[in-house]
Amino acid sequence: MKQFNNVTIGKLFFALLSIFLVIFSFSQTIYQYVNRGNVAEGKEAVIEHNYTYDYNFYLSRIREGQEGHWTVVEKYTAEPHSGSLLQVFYLYMGKLGGMIGLTPPVIYNVLRAILGFSLLYLISLYISDIFKTRKLWMQVMIFLLVVTASSWPSAVVWVKGWPRFGNYMSWWSAIDTFQRITFIPHILLGQLGILFFVWKLGNLTNKSNWTNWMLWGVGGFILGIIFPSAVITLYAIFFVLSVFEIVLNHSDSVKAENQRTLIPRIIFFLFSIPSLLYIQLITKIYPWKKLVEFDLIHPLPFNFNEYLKALGPLLILGILGMFVVLLKREKKLFPMVSWVLGLGLLFKVFSYIPAQSPLRFTESAMHIPLGILAGYLTIQFWAFSKRLKWSIRLPLYILTGLLALFPIIMGINFMISTRLWLIEQADQRIIASYPAVPDGVYLANPTAEFMDGMRFLRDHTDKNYVVLGYIATGNFIPAYAGNTVFMGHANTPFLERKITEAERFYAGNNPDAEFWLRNNNISLVFYGPVEREWGKVEDLSTFYPFFKEIYKNSTVRIYRAL
């Protein structure tokens with residue numbers, strides 16, 4: 001009964017701690033919502049979480065689900081094409097959220113909260129299982145090592161008497177101590193999948209059976225569709241893990257056990273590999289091919305030395321813990337060692353594959369195995385100290401405590417620093433009067449009249465109508481109105497040509513405008529604050545008299561072109 005109560009208390013504590021961390025990581029979102037009435041005059045608050053263009057991209061997928069789609073259609077390009085399963089996770093979450101009347105932004109943020117909590121709680125369950133013979137305070141210490149894992153400081157700036165830490169790779173939010181807790185939903189789901197399958201297929205129990213293995217295989221296929229990097233990471237982990245099991249164990253009974261663990265991993269591979277083959281095939285066809293082309297033309301930068309600094313003190317402690325695991329042959333922690341080495345292998349392999357930057361694998365939660373291995377090292381150091389006489393034991397106890405507390409306290413400072421930076425970013429977004437529509441890295445809210453135009457498109461136009469707008473406008477339309485656009489995202493095929501053609505059109509320099517519009521399937525033309533920078537006229541029908549105006553306010557006009 002006592003053991004049951006201790007386990008229950010531990011689960012409740014971790015659940016409450018996970019909820020607190022999720023709420024804490026929502027600081028910027030909550031702050032934006034509370035201050036939504038304080039935006040600059042003429043602006044309308046849009047509660048954004050990450051980079052505007054990508055945030056709207058995911059919202060558009062959610063809206064497609066609410067509009068009845070069963071496969072994803074690329075609404076950021078006007079060329080006819082078949083649907084695909086890419087980003088289908090957001091589409092089906094849109095269907096689910098739409099059933100209870102949630103809007104796309106609310107659905108997106110609910111997913112952040114649910115998946116962020118689920119990942120944190122799963123980490124706590126895994127730690128509790130691996131270290132079930134250890135006291136609760138030790139499990140909490142390991143959990144905090146994982147959650148607060150941070151970079152080494154790249155700079156320390158004192159602001160209002162408080163030190164703010166700058167971190168290495170600060171431009172890559174996916175590995176930031178604070179932001180990663182509730183970052184982008186499909187990345188959180190991918191990390192959940194990695195940890196779940198490492199747990200279930202890493203240390204196989206006698207309770208698992210063929211039914212479990214088949215279901216896990218199906219789960220692997222779904223995970224591969226949602227977040228391919230997660231499945232590739234799992235392949236690398238299981239490869240390294242299987243090598244360890246074969247090389248380090250030689251007895252007949254252990255060999256038989258190893259053969260049994262290979263079967264579900266092979267099933268997982270056979271079930272999940274079609275998802276990667278599907279993605280390989282679908283990205284050979286436009287518009288999905290643009291995803292690969294963009295990475296080839298604009299490869300994501302990855303500096304391995306900077307990444308090592310971004311892993312911070314846990315890299316050193318985790319590697320030391322890894323050596324202790326191998327020396328003591330702690331089989332239950334082999335999956336964590338394999339996770340670290342598997343990702344290292346992927347970083348090396350994909351440095352030679354231009355179609356996929358190694359940077360993507362930094363999203364595979366390296367902080368989880370490093371934190372657990374660092375915690376294991378601390379526990380082993382503590383256990384070793386207990387065997388020594390008191391005069392030696394006390395200094396070692398203090399050193400052990402510092403080993404754990406130093407990275408945790410530093411990580412908490414990084415969390416606070418990032419939170420303060422993000423609140424200042426939110427303040428900038430709130431007070432910004434320029435630009436009228438956020439474009440790229442600009443921190444601003446769109447104008448209320450611009451959003452009125454979005455609502456008109458949403459409520460009064462056929463969603464099959466293609467809308468022409470400049471790229472910043474086009475980025476908002478699929479997310480907030482649901483229409484397809486001529487262009488609106490970096491993944492729009494032939495974007496450079498389309499930008500040139502749109503600029504020429506809005507400047508009134510297209511004598512064949514009617515033919516051009518028809519040839520590009522464009523039915524509606526949006527003429528708002530962004531487009532006026534090119535048009536320089538009040539009414540675009542000055543250039544194109546065949547236009548029929550269907551909506552107008554002081555800064556936005558929408559025309560029926562064809």
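Cβ atoms here come from the backbone N, Cα and C positions, even for glycine.
Curation does not apply to TrEMBL; its annotations are automatic.
Annotated transmembrane segment per TrEMBL: 12-34 (among others), in sequence order. Same-chain residues lying 6 or more positions outside the transmembrane segment (12-34) and placing a CB less than 8 Å from one of its CB atoms are 45, 47-49, 109, 112-113, 116-117, 120-121, 124-125, 128, 136, 140, 143, 147, 178-179, 181-182, 415, 419, 422-423, 425-426, 429-430.
The feature transmembrane segment is assigned by TrEMBL to 106-128 (among others). Sequence-distant neighbours of the transmembrane segment (106-128) (same chain, 6+ residues past either end, Cβ-Cβ under 8 Å): 7, 10-11, 14-15, 17-19, 21-22, 25-26, 29, 47, 49, 55, 58-59, 62, 90, 93-94, 96-98, 139, 142-143, 146-147, 181-185, 188-189, 191-192, 195-196, 199, 368, 372, 375.
Sequence-distant contacts of the transmembrane segment (140-158), counting only residues of its own chain at least 6 positions beyond either end whose CB sits under 8 Å from a CB of the stretch, comprise 13-14, 17, 21, 120, 123-124, 127, 131, 164-170, 175, 177, 181, 309-314, 367-368, 370-372, 374-376, 378-379, 404, 407-408, 410-412, 414-415. Among the features that TrEMBL reports, transmembrane segment is placed at 140-158 (among others).
According to TrEMBL, the feature transmembrane segment maps to 178-198 (among others). Note on the transmembrane segment (178-198): residues 21-22, 24-26, 50, 54, 58, 87, 89-90, 93, 108, 111-113, 115-116, 118-120, 122-123, 126, 147, 216, 219-220, 223, 226-227, 229-231, 233-234, 237, 268, 335, 339, 363-365, 367-368, 414-415, 418-419, 422 of its chain, located 6 or more positions outside it, place their CB under 8 angstroms from a CB of the stretch.
Per TrEMBL, transmembrane segment is recorded for 210-227 (among others).
If you look up TrEMBL, you'll see 262-287 (among others) marked as transmembrane segment.
Taken from TrEMBL, the feature transmembrane segment covers 307-326 (among others). Residues 145, 149-152, 154, 167-169, 172, 175, 248, 333-334, 336-337, 340, 347, 362, 366-367, 369-371, 373-378, 380, 403, 406-407, 410-411 of the same chain lie 6+ residues outside the transmembrane segment (307-326) yet bring a C-beta within less than 8 angstroms of a C-beta in it.
As annotated by TrEMBL, transmembrane segment applies to 333-353 (among others).
Beyond the ends of the transmembrane segment (365-384), by six or more residues, the same chain brings 123, 126-127, 130-131, 134, 138, 141-142, 145-147, 149, 175, 180, 191, 194-195, 311, 314-315, 317-322, 324-325, 328, 330, 333, 335-337, 339-340, 343, 396-397, 399-400, 403-404, 407 to within a C-beta distance below 8 angstroms of the stretch. What TrEMBL records for 365-384 (among others) is transmembrane segment.
Taken from TrEMBL, the feature transmembrane segment covers 396-416 (among others). Under 8 Å from some Cβ of the transmembrane segment (396-416) lie the Cβ atoms of residues 24, 141, 144-145, 147-151, 153, 162-163, 165, 167, 176-178, 312-314, 317, 374-375, 377-378, 381-382, 384-385, 388, all in the same chain and six or more residues away from its ends.
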